[in-house]
Amino acid sequence: MDYKETLLMPKTDFPMRGGLPNKEPQIQEKWDAEDQYHKALEKNKGNETFILHDGPPYANGNLHMGHALNKILKDFIVRYKTMQGFYAPYVPGWDTHGLPIEQALTKKGVDRKKMSTAEFREKCKEFALEQIELQKKDFRRLGVRGDFNDPYITLKPEYEAAQIRIFGEMADKGLIYKGKKPVYWSPSSESSLAEAEIEYHDKRSASIYVAFNVKDDKGVVDADAKFIIWTTTPWTIPSNVAITVHPELKYGQYNVNGEKYIIAEALSDAVAEALDWDKASIKLEKEYTGKELEYVVAQHPFLDRESLVINGDHVTTDAGTGCVHTAPGHGEDDYIVGQKYELPVISPIDDKGVFTEEGGQFEGMFYDKANKAVTDLLTEKGALLKLDFITHSYPHDWRTKKPVIFRATPQWFASISKVRQDILDAIENTNFKVNWGKTRIYNMVRDRGEWVISRQRVWGVPLPVFYAENGEIIMTKETVNHVADLFAEHGSNIWFEREAKDLLPEGFTHPGSPNGTFTKETDIMDVWFDSGSSHRGVLETRPELSFPADMYLEGSDQYRGWFNSSITTSVATRGVSPYKFLLSHGFVMDGEGKKMSKSLGNVIVPDQVVKQKGADIARLWVSSTDYLADVRISDEILKQTSDVYRKIRNTLRFMLGNINDFNPDTDSIPESELLEVDRYLLNRLREFTASTINNYENFDYLNIYQEVQNFINVELSNFYLDYGKDILYIEQRDSHIRRSMQTVLYQILVDMTKLLAPILVHTAEEVWSHTPHVKEESVHLADMPKVVEVDQALLDKWRTFMNLRDDVNRALETARNEKVIGKSLEAKVTIASNDKFNASEFLTSFDALHQLFIVSQVKVVDKLDDQATAYEHGDIVIEHADGEKCERCWNYSEDLGAVDELTHLCPRCQQVVKSLV
């Protein structure tokens with residue numbers, strides 16, 4: 001007989017190496033074959049629901065790490081809630097309309113001019129659906145579970161119909177109206193442009209300083225004072241209606257050779273230099289805050305028009321005078337601030353960039369040519385203080401490479417002002433993980449202007465608006481609902497396939513159309529209105545979901561995006577927020593915190609991580625991040641994540657190997673009869689479980705990541721599993737001491753696998769499939785471990801022991817360095833009380849100390865002589881163990897004997913081997 005044959009060594013088919021890139025797809029195929037998503041729902045049918053509503057990613061392009069971070073975080077939550085017994089359906093969605101898809105088709109060589117609008121839209125739809133299939137495959141490869149066979153898609157007829165109904169209800173409440181707003185306009189293309197169609201090039205522009213006389217001082221400034229503005233677009237001066245100052249900036253009234261000028265104090269030196277003022281002749285006469293200057297009235301330099309002094313937070317001290325020329329018809333900030341003061345929107349420029357009749361003496365001039373005419377007139381009026389030329393970065397049309405302008409054109413708006421307070425109240429009633437999230441969306445809603453919902457494109461949901469012969473707008477409940485019904489049946493392409501009269505209810509008449517002819521709106525809706533309608537198109541429409549959702553979770557850019565548009569349309573139509581709880585995550589940066597870009601060569605994409613390391617590594621990385629802020633990823637970070645994964649995997653494998661001959665139904669030891677050390681570990685498991693459950697509840701995955709490592713390293717690897725080898729391998733198979741440990745080991749393995757399951761979805765499933773006697777076919781169909789009250793007194797006692805054990809380990813390390821011993825089993829440890837700790841009394845209640853310390857002999861005495869080393873928990877002496885080494889267990893003994901041909905066996909091993917002979 002060989003010694004090895006008498007040992008109970010670990011046995012498991014669970015491989016040491018993960019091989020995740022190859023193994024994970026096999027596990028996923030099994031899940032799909034078993035329809036695990038619906039099985040999990042069926043298991044919890046009738047239970048309390050939890051709805052995490054998916055914000056739809058855009059259906060264009062490959063997934064980036066931000067997509068992975070987002071979907072994996074959502075998967076953590078939904079899987080955890082499912083394992084807690086909630087009915088938690090997860091319906092992924094896609095946003096499919098908008099300019100990028102139009103651009104993508106153009107890049108692919110699709111010539112829009114050679115086909116009808118309806119045909120072009122059909123190609124857009126085909127492209128979007130192709131992109132969805134690609135992204136869907138990649139999301140599933142990350143281990144994300146959801147109803148991917150029936151996702152929601154914003155181009156589906158039923159979704160578009162729901163969106164139209166929201167529009168109609170808002171229109172019914174007077175929240176939809178038509179007005180003018182400045183947009184990027186390309187005179188060379190004669191069309192409006194989206195930001196994505198803008199590129200920046202250097203341009204030489206006039207730089208002018210202009211004086212505006214005070215007309216009504218409001219008792220604040222001197223009546224003969226002048227405001228100085230600076231602009232690089234002289235052609236917009238005819239559209240000036242205001243001067244904007246920052247409410248919190250300090251402004252000064254400066255006397256310069258008898259002239260009184262008002263500018264920001266922080267810019268006074270720069271202005272003096274630009275205008276060649278003699279510094280000796282400059283005198284600061286008065287000081288104001290921008291707030292105090294509000295509502296002072298200035299006079300337009302050459303038109304019979306007032307220019308109101310107003311407040312705006314967009315004013316900076318980076319350049320200029322701190323007094324900003326404001327023309328709401330030609331600037332985004334100007335328009336937004338102008339809305340607050342109900343300023344007129346003047347934009348006397350036509351589609352070709354030429355001044356209209358409204359431009360007065362500049363009529364017929366191309367805007368760029370008008371620059372000289374305007375500066376000449378300002379000089380004539382004595383208002384031009386300085387003309388110069390600068391070269392600066394300026395927006396150009398990406399197609400024609402020609403400069404663009406801001407030009408006010410008719411647009412459709414959703415009124416924010418009428419529902420702003422209701423939205424703010426809804427935000428107050430919404431829960432947030434962090435207060436700054438609430439502050440962020442609250443301030444955005446509080447400060448935002450009206451919502452421009454129209455776009456001059458073709459790939460989107462048409463605005464369901466008609467016009468009578470006399471130009472009157474037709475947007476009634478009857479007409480809008482009829483369009484919604486048509487879209488539900490045929491899709492929105494019908495708008496581009498039929499005449500206006502065929503889109504109106506049968507027999508529809510209107511006093512503005514005596515001849516019965518109508519036209520239809522050509523603009524489409526902003527894509528944020530599309531995705532912002534998902535609470536109606538998805539939550540209220542799908543039977544397994546419900547409104548409002550329990551949770552929305554997206555990137556922090558969605559405070560101004562989807563979070564904002566969703567709560568706006570929901571409050572406007574339903575009076576409540578569409579989400580009860582809001583959570584956001586940061587962006588994914590490289591290892592140094594820099595933005596990823598191809599030019600820097602620092603881009604890491606999900607596909608690369610999955611193919612090289614596996615989805616579970618990507619998921620473990622997500623759990624390791626403080627996702628509320630921006631997170632970092634690099635090859636080095638992923639290597640560290642892989643190292644942590646390896647440690648987790650090997651620990652689970654060790655436990656699997658050592659419960660291979662254990663049946664919990666027949667071999668378990670009742671808790672009251674467990675060895676105390678096993679009861680300690682059982683209570684530590686309960687403590688770890690309670691903490692992990694609490695962290696899942698609070699979405700604190702970084703805590704889980706850290707505590708899993710701590711539990712594995714400190715409690716298991718450094719102590720329990722190391723201590724356990726002498727029992728699991730050496731003791732008799734059915735001995736009480738071995739079964740006691742296996743009882744707890746099995747519990748740790750099962751509970752840890754469950755607790756890790758939402759994060760390491762594939763590995764947990766693999767462990768489960770190798771765990772004997774588990775009841776559920778999949779760990780993902782099991783329930784989370786229950787939180788059980790711990791025996792605090794026992795934990796406190798053993799924590800003290802573990803501190804004492806640390807002292808013993810330190811003493812062993814010293815003895816090893818001094819060549820007193822080699823391995824710890826060569827040691828004999830003597831422990832005595834000292835002034836700091838009564839070790840001899842404390843240790844009386846502990847059995848098998850030599851096993852707990854992993855040494856051969858332990859002696860506890862009241863006192864030791866001066867040769868002992870004093871530690872926090874007693875005086876300790878390390879000597880070489882007495883006797884000789886047992887050839888089977890490697891413990892030292894003075895009573896070695898033989899059984900059959902096996903010699904050098906300690907008494908314990910003699911007894912075990914005899915039972916095998």
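Using the three backbone atoms N, Cα and C, a Cβ is placed for every residue, glycine included.
The model shown is predicted, which means the values in this text are computed figures rather than measured ones.
When secondary structure is read from DSSP and collapsed to three states, Pro56 (L-isoleucyl-5'-AMP binding site) falls in the coil class. Among the features that Swiss-Prot reports, L-isoleucyl-5'-AMP binding site is placed at Pro56, His67, Glu554, Gly555, Asp557, Gln558, His585.
Among the features that Swiss-Prot reports, motif ''HIGH' region' is placed at 57-67. Within the same chain, residues 94-96, 98, 100-101, 104, 128-129, 131-132, 134-135, 138-139, 153, 555, 587-588, 596, 604-607, 609, 633 sit at least 6 positions outside the motif ''HIGH' region' (57-67) and bring their C-beta atoms closer than 8 Å to a C-beta of that stretch.
Under the heading motif ''KMSKS' region', Swiss-Prot lists 595-599. With a cut-off of 8 Å between Cβ atoms, the residues of this chain six or more beyond the motif ''KMSKS' region' (595-599) that come close are 64-65, 587-589.
For Lys598 (ATP binding site), the count of additional Cβ atoms within 10 Å of its Cβ stands at 7 [all protein chains shown]. Residues or ranges marked as ATP binding site in Swiss-Prot: Lys598.
The tRNA(Ile) binding site feature in Swiss-Prot is assigned to Arg632, Gln640. The C-beta environment of Gln640 (tRNA(Ile) binding site), restricted to residues of the same chain at least 6 apart in sequence and closer than 8 Å, is empty.
Neighbour density for Cys886 (Zn(2+) binding site): within 10 A of its CB lie 24 other CB atoms from the protein chains shown. DSSP classifies Cys886 (Zn(2+) binding site) as coil under the three-state reduction. Here Swiss-Prot flags Cys886, Cys889, Cys906, Cys909 as Zn(2+) binding site, drawing on a large-scale study or a structure entry.
Fewest Cβ neighbours within 10 Å among the binding-site residues His67, His585, Arg632: this applies to Arg632.
Separation of the C-alpha atoms of Gly555 (L-isoleucyl-5'-AMP binding site) and Cys886 (Zn(2+) binding site): 62 Å, rounded to the nearest whole number. According to DSSP, Cys906 (Zn(2+) binding site) sits in a coil region rather than a helix or strand.
All protein chains shown were included, and the count of other CB atoms within 10 Å of the CB of Pro56 (L-isoleucyl-5'-AMP binding site) stands at 23. With a cut-off of 8 Å between CB atoms and residues at least 6 apart in sequence, the same chain places Cys886, Arg888, Cys889, Asn891, Ser893, Asp895, Leu896 near Cys906 (Zn(2+) binding site), listed in sequence order. Classification of Asp557 (L-isoleucyl-5'-AMP binding site) by DSSP places it within a helix. The distance from the Cα of Lys598 (ATP binding site) to the Cα of Arg632 (tRNA(Ile) binding site) comes to 16 Å. Counting residues of the motif ''KMSKS' region' (595-599) by DSSP class, helix then strand then coil, yields 2 helix, 0 strand, 3 coil.
Set side by side, the binding-site residues Cys889, Cys909 differ in how many other CB atoms lie within 10 angstroms of their CB, and the most is found at Cys909. Annotated pair Asp557 (L-isoleucyl-5'-AMP binding site) and Cys909 (Zn(2+) binding site), C-alpha to C-alpha distance, rounded: 66 Å.
Its Cβ taken as reference, Gln558 (L-isoleucyl-5'-AMP binding site) is surrounded by 21 other Cβ atoms within 10 Å in the chains shown.
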